[in-house]
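Taken straight from TrEMBL:
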TRANSMEM  20-41  transmembrane segment
TRANSMEM  53-78  transmembrane segment
TRANSMEM  98-116  transmembrane segment
TRANSMEM  128-150  transmembrane segment
TRANSMEM  162-185  transmembrane segment
DOMAIN    171-262  domain 'DUF6534'
TRANSMEM  206-228  transmembrane segment
TRANSMEM  234-258  transmembrane segment
REGION    268-345  region 'Disordered'
């Protein structure tokens with residue numbers, strides 16, 4: 001590039017390159033997220049007000065983050081094209097640039113709170129969810145402190161608190177996924193219906209499908225953020241690219257989970273339609289309609305055997321909806337579920 005020194009050219013490649021790539025990917029993923037949100041509001045009109053507001057807030061926060069990405073690219077590549085020293089100084093002089101990591105942390109924490117409610121829905125144990133929530137909260141607090149040190153230009157402390165933040169995020173995601181999967185597997189072993197067990201089994205891969213992308217991005221973000229300590233500190237700027245896309249990966253994971261209910265609903269519908277042609281055991285099940293506005297409780301499966309013995313099994317899910325008998329979502333029972341009303345007639 002004419003007009004800049006070789007050193008500035010190297011800085012432009014390592015600093016502006018990841019920012020450009022990360023911001024472009026972020027804007028593309030905003031389009032994906034927008035489609036997911038439009039699908040959600042079009043399909044799940046019966047969801048409770050609380051969940052719909054949560055999705056609307058998620059949309060607003062991500063639109064603001066995308067606007068920040070676009071504005072930063074305009075400033076770097078249009079208003080101050082070729083002025084790499086100015087671009088580097090914006091991390092201190094530009095409040096929107098200084099606060100960029102904090103905005104990412106807030107968006108990540110917002111989605112992590114949703115996934116913690118899913119774990120609560122499955123486990124019904126506060127002492128299981130609380131440590132993970134505290135770990136995620138510590139991650140957010142670490143980034144608040146890290147942002148302060150960005151402002152006063154203490155690079156070593158910034159690196160330390162970035163490590164604390166990203167380590168907490170990565171560890172929280174892994175523990176949350178493993179714990180949710182554990183309680184789903186444990187619940188699967190307690191249900192009476194094979195079809196219900198298959199349904200719960202389908203939620204296990206969904207747990208990892210939604211958690212893995214964010215955990216992987218956070219892991220690479222952590223690795224490259226610590227390259228500032230090595231003899232190749234310029235590689236530390238690569239973390240900017242991963243940091244830009246991390247909020248969108250979290251948001252897409254949340255919306256994918258919510259929109260997956262349609263496929264699960266179809267699976268339940270198929271199981272119910274085939275229950276009349278059951279196996280020799282004669283076991284069938286139906287789902288009783290029940291209006292709910294919360295994020296965890298969706299109804300009760302009523303299992304009928306050939307002896308007309310009725311068992312009511314409370315079931316839990318990570319989703320929410322008000323629903324009719326013909327359009328039902330099923331949630332897996334908690335490990336401590338009780339069977340009510342068992343009586344042979």
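Note: Cβ is positioned from N, Cα and C throughout, glycine not excepted.
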Revision key, fill the gap. Per the Cβ filter (under 8 Å) with a sequence gap of at least 6 from its ends, the transmembrane segment (162-185) is approached by 101, 105, 108, 112, 115-116, 118-119, 122-123, 128, 132, 135-136, 138-140, 142-143, 146, 200-201, 203-204, 207-208, 211-212, 214-215, 218-219, 221-222, 225-226, 332, 334-335
**Study point:** For the transmembrane segment (128-150), distant same-chain residues with Cβ under 8 A (at least six beyond the ends)
**Key:** 91-92, 98-99, 101-102, 104-106, 108-109, 112-113, 116, 119-120, 157-158, 161-162, 164-166, 168-169, 171-172, 175-176, 179, 183
Practice item. Among 20-41, 53-78, 98-116, point out the range having the most Cβ pairs under 8 angstroms from the transmembrane segment (206-228). Key: 98-116
Check your understanding: Residue counts in helix (H, G, I), strand (E, B) and coil for the domain 'DUF6534' (171-262), per DSSP?
Key -> 83 helix, 0 strand, 9 coil
**Study point:** Stretch with greatest number of CB pairs under 8 Å, the transmembrane segment (98-116) reference, 20-41, 53-78, 234-258 candidates
**Key:** 234-258
Point to revise | For the transmembrane segment (53-78), sequence-distant contacts whose Cβ falls under 8 Å of one of its Cβ atoms, 6 or more beyond its ends | key: 16, 19-20, 22-23, 26-27, 30, 33-34, 37, 40-41, 87, 90, 94, 96-97, 100, 103-104, 106-107, 110-111, 114, 244, 247-248, 251, 254-255, 258
Exercise for review: Average the pLDDT scores across the domain 'DUF6534' (171-262) and report the rounded value.
Suggested key: 87
